[in-house]
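To keep things clear, I will list the structure first and then write my remarks on it.
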């Protein structure tokens, strides 16, 4: 035992607070008055010490008013007007409420955030709130005072330092230190979302992250300590004046840290959303099983042996329920009593549960008994076939790219799971807006090949209380499927071409440059050494996708690319266009390029140069993909709308090309235009795009994805756009019928979607 651990006493269970009907999400210690907790069940509960047993707490108030799950909490100490104090709560419903603890009534409703509220903190008499909408807001006496965009990505937490500054933590992986609305410092070190923050008395700031680590920072930005031990997302962190730290994680443990070392792990039957210290050093934990637990080192306050034993057996059962042997869940295996039934053939095997293990038996026909073969373990093949995430095996573990320079997220999924349920839980776990839900479900279904998954009309979302939710459409009333459910429409978001062979691009540019150097007449068009290294620097920025939120382009970088597009021979520009295609996906690259587009439209010039007959397939492909990528950045929407006619005409020859990549790029461009012009309510533009999409969809010999994207464009335009009647005049019914008869499942599904639309009045 190290010297650090000598004076550390082990924590044991003190009591369990039952009352919440769903995950407990947040904890707020209200001085010595009691504890407030928030839950996914939409309530806030206040717990006071039990007068008959000082070890326990009883629920004395339930605060009802949020319409979705409740997260962060803060306590306002009693004063003359509110003798029992107040509670501030923030919810998924975008609201911040202030409650009078004496009456349990709401005294203020603070409305202003656009998305989920993730943090509330007191600053003197003001309330500061943070949100997934990227803003911090200040409220005074129930009124908004100021708000500012503090990060470019969702803010997940906010705290106030004893020195008066605020600290925010974000999905962009950074912490920011604020004095008023001025950012004094950005702390970079985590590699994933910063989810929880706390003050470490006299030392600095603690941060908990999705990257599994906890960091201690000096106010100057220096990392003083990194604590690694959790095997999954760390949701929360807190510190005690004694120097102890506690953290809560998706890995089902609350961990206690002393001098940077984990000295104890408190196991829970579910994810630990929050963990806080009481003033006396006891620890409160909030768990996904709906139970609040208090842990103590005080021998007099430890729960009685019966409760300790009950908790140990609850944990053991929970672990069993997650354990599998030979690909079978342990809890689903029969007990030893199954061996009383004789076998039917010699050598027949049976696996039964013995304690925490699965044991295989073989039927011995001659002796009429079951012979023990031995314990069953998952063989190497089993685990190789199945993906492991946080120590648990799944049928799939997907990498999900949310975009906007945010880190890649891991999404685990089993084929037996309900994709809606999986999507909901995952979005809540990652603190992402529930409006992504349909996209995540579609992503799961597409990537698991579940063509036959039907949405259950009686399905009720346990978190919002409504049926399957499609962004932009009203939620269905419970139990009524008044509106048909479409499988692939409306399309949300834009598709881009984001894979690139950067080394190949640079090699090609270098090859062309050598050709120019060797040609006396064209020598002056070649690149200088500094320009070649400039291109290398651009590629370096583009490759480092995890720092897209912080990396920047110089004006000369973009000017160099545009100069090459303008001056190089037409047969040599495709690798430069390809570089531009990737630059547009970089937030700052897109911004810098836009300044050039506004002044002299070098991009339209590039399109005309690349598509003029006889156009090289390489120029056509790189330029149509580049234009498609412009849809990723909303600042180009006006430009794309304005040049729609010229752009679609320039690339219309792609459809007749035998090149499948060109066909796919063209139908992707059409689909992105459909999404944009629906949003812009541009009827003339929608008509143009509809006729182009119908032309693609009619070609039954076309590559599947190209045809599919065109059909999705048609369906989305008919469902949400202004051109349904026009589509009917173009006899879209026959196109839908032909698609529905396709052997390709997704073509048949989108065909069915469109046919359903034709039958609606």
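A Cβ is built for glycine as well, from the same backbone N, Cα and C atoms used for every other residue.
What TrEMBL lists as domain 'PFU' is 362-458.
Mean pLDDT for the domain 'PUL' (487-757) in the predicted structure: 92. The domain 'PUL' annotation in TrEMBL covers 487-757.
Feature annotation from TrEMBL assigns repeat 'WD' to 17-57 (among others). Counting residues per DSSP class in helix, strand and coil order gives 0 helix, 23 strand, 18 coil for the repeat 'WD' (17-57).
Residues or ranges marked as repeat 'WD' in TrEMBL: 63-109 (among others). Within the repeat 'WD' (63-109), the DSSP-based counts of helix, strand and coil residues read 0 helix, 25 strand, 22 coil.
If one looks beyond the repeat 'WD' (148-178) by at least 6 residues along the same chain, the residues whose Cβ comes under 8 Å of a Cβ in the stretch are 72, 115, 118-123, 128-136, 184-188, 190-199, 205, 207, 209, 217, 219, 221, 404-407, 431-432, 549-550, 587. Look at TrEMBL and you will find 148-178 (among others) tagged as repeat 'WD'.
Summarising the annotation, TrEMBL assigns repeat 'WD' to 187-217 (among others). Cβ atoms under 8 Å from those of the repeat 'WD' (187-217) belong to residues 156-159, 161-162, 167-171, 173-177, 223-228, 230-239, 241, 245, 247, 249, 257, 260, 407, 409, 430-431, 546, 550 of the same chain, restricted to positions at least 6 beyond its ends.
Each residue in the repeat 'WD' (227-258) gets a DSSP state, and the totals come to 0 helix, 19 strand, 13 coil. Annotation source TrEMBL lists repeat 'WD' at 227-258 (among others).
Beyond the ends of the repeat 'WD' (17-57), by six or more residues, the same chain brings 63-64, 66-75, 77-78, 84-85, 87, 89, 91, 99, 101, 270-271, 273-279, 284-294, 301-303, 428, 462-463 to within a C-beta distance below 8 angstroms of the stretch. With DSSP states grouped into helix (H, G, I), strand (E, B) and coil, the repeat 'WD' (148-178) comes out at 0 helix, 18 strand, 13 coil. Secondary structure of the repeat 'WD' (187-217), assigned with DSSP and counted as helix (H, G, I), strand (E, B) and coil, comes to 0 helix, 20 strand, 11 coil.
If one looks beyond the repeat 'WD' (227-258) by at least 6 residues along the same chain, the residues whose Cβ comes under 8 Å of a Cβ in the stretch are 4-5, 8, 11, 195-201, 206-210, 212-216, 264-277, 281, 283, 285-286, 295, 390-391, 429.
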